[in-house]
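Student: Below you will find the structure I want to go over with you.
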Amino acid sequence: MQILSLPFFISPSLSLSLSHLSPSVHRAFKINELKTEVTNRLAMLEKRVELEGMKVVEIEKCHNDIKKLREEMASRNNSNFLEDNKKLTPRRDVPSYPKYHLSKETVEALRLPTFDAWQWEPNEMLSCLEHMYHDLGLVKDFNINPITLKRWLLCIHDNYRNNPFHNFRHCFCVTQMMYSMICLCSLQEKFTQLDILILMTAAVCHDLDHPGFNNTYQINARTELAVRYNDISPLENHHCAVAFQIFSQPDCNIFSNFDPEAFKQIRQGTITLILATDMARHGEILDSFKQKVDNFDYADEEHITCLKMVLIKCCDISNEVRPMEVAEPWVDCLLEEYFMQSDREKAEGLPVAPFMDREKVTKPTAQIGFIKFVLIPMFETVLKLFPQIEEAMVQPLRESRDRYEELKQIDDAMNEVQKKKSENLTMGGKKK
Ligand SMILES: [Zn+2]
């Protein structure tokens, strides 16, 4: 607050009118006049101080109001999903990962389904993703700002959570499998570059901000997401919404150079593909593809969309296509995430799916059914269009199925022995 000084003065007219009086009376009069003048002046100043004080109070009030508003906004944003909007803004500025230079060997390996994602740290995976966009000609053909591409990828990384399974490494694996399928099946000869951009971008974004608990949990626990999306693919809708919240930030919008029509197409295409990753729709999507595959028409937009949906589904659940050393740790990660969910479901009195129950599931039992009834039938349907995948993708799936069946036989035999042992012990006990 400003400190007020007291200006002390007598007006010229007053001094003139007093000049003819005797010096003593003059002085007394003058003093009285001065007193009045000072009193008035003080009163005025006091009034001003009071007004200023009120202004200060008003300012203080404003401060408090702003503080309150801020707190209110923060508390609203604290609800699970909005809080993460903070993450939507990239933490770091122009990223500094060019030091992660990819060797010729890495660049070659990246094109194959055998690529081992466990070997790389997040920054290296970011460099790999960046390389894929350049290598496929997407940066050049769509005039994507290379710095925006880096910032977008960093922002993507920051918006995956550290779940045991649904994390940034899973995002990377799915995208890398998409990239290797594009290379292996020469998809650039069949699809437009816009389709390739949609396939890659949907893969990158497909599990954004996954909370680590599946749709069944969301719906049964009546979570915020389930309520928001009316129980219809709550997670996939959320992944999609987060993806486009990121694109709404100019710093991260790799499509900023697109005309509105092209953006509309990329948005529609990406949404369709991300929503297709809901496994609840597996039968419906695969059936639709099976109906088209024997007379597949690359000129038919509906056929193309259906194929793209099946491709992202293949990549999403493609771990078992990879070499055993790469694939197997993912089963542990998935079971860890499942067990976390089933433990929580038990604690909250919600239904528990047997395939998530740590009391009921083992690695082989978890994998055999999935490989036999989900993976192989889907990849064998894709094989009809792309015979190239037989050796690189379908054969490894069959080998993995056989390996897990052997493991199950060993497990069963061990259990049998265990059972007999405990039976003998019980009988021994009875004899005594
Ligand atoms: Zn996924």
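If you go along the chain as it appears here, the first residue is 1 and each next one adds 1.
Placement of Cβ uses the backbone N, Cα and C atoms for every residue, glycine included.
TrEMBL labels come from automatic prediction, so no person has curated them.
Sharing the features that TrEMBL gives for it:
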{"type": "ACT_SITE", "residues": "H166", "note": "active site, proton donor"}
{"type": "BINDING", "residues": "H166, N167, F168, R169, H170, D207, D316, Q367", "note": "AMP binding site"}
{"type": "BINDING", "residues": "H170, H206, D207, D316", "note": "Zn(2+) 1 binding site"}
{"type": "BINDING", "residues": "D207", "note": "Zn(2+) 2 binding site"}
{"type": "COMPBIAS", "residues": "413-423", "note": "compositional bias 'Basic and acidic residues'"}
{"type": "DOMAIN", "residues": "90-411", "note": "domain 'PDEase'"}
{"type": "REGION", "residues": "413-432", "note": "region 'Disordered'"}
{"type": "SIGNAL", "residues": "1-15", "note": "signal peptide"}
Student: So which binding-site residues out of N167, F168, R169, D207, Q367 are up against ligand 1, CB under 6 A?
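Tutor: Correct list: D207.
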Student: Give me the non-local Cβ neighbours of R169 (AMP binding site): same chain, 6+ apart in sequence, Cβ-Cβ under 8 Å, ordered along the sequence.
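Tutor: Set apart from R169 (AMP binding site) by at least 6 residues yet with Cβ under 8 Å, we have A117, W118, P122, M125.
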Student: Using the structure shown, find which entry in H166, H170, H206 (the recorded positions) has the sparsest Cβ neighbourhood within 10 Å.
Tutor: H170
Student: Please spell out the DSSP helix, strand and coil residue counts for the compositional bias 'Basic and acidic residues' (413-423).
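Tutor: Counting residues by DSSP class gives 11 helix, 0 strand, 0 coil.
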Student: Compute the mean position of the Cβ atoms of H170, H206, D207, D316, which form the recorded Zn(2+) 1 site, and then list in sequence order the other residues of that chain whose Cβ is within 8 Å of it.
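Tutor: Output for this site, in sequence order: H166, C171, V174, A203, H210, H239, T277.
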Student: Among N167, F168, D207, D316, the binding-site residues in question, whose Cβ has the most other Cβ atoms within 10 Å in this structure?
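Tutor: Going through N167, F168, D207, D316 one by one, the largest Cβ count within 10 Å is at D207.
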Student: Summarise the model's confidence over the domain 'PDEase' (90-411) as a mean pLDDT value.
Tutor: 95
Student: Cβ distance under 8 Å to Q367 (AMP binding site), same chain, sequence separation 6 or more: which residues?
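Tutor: Listed in sequence order: E320, V331, S400, R401, Y404.
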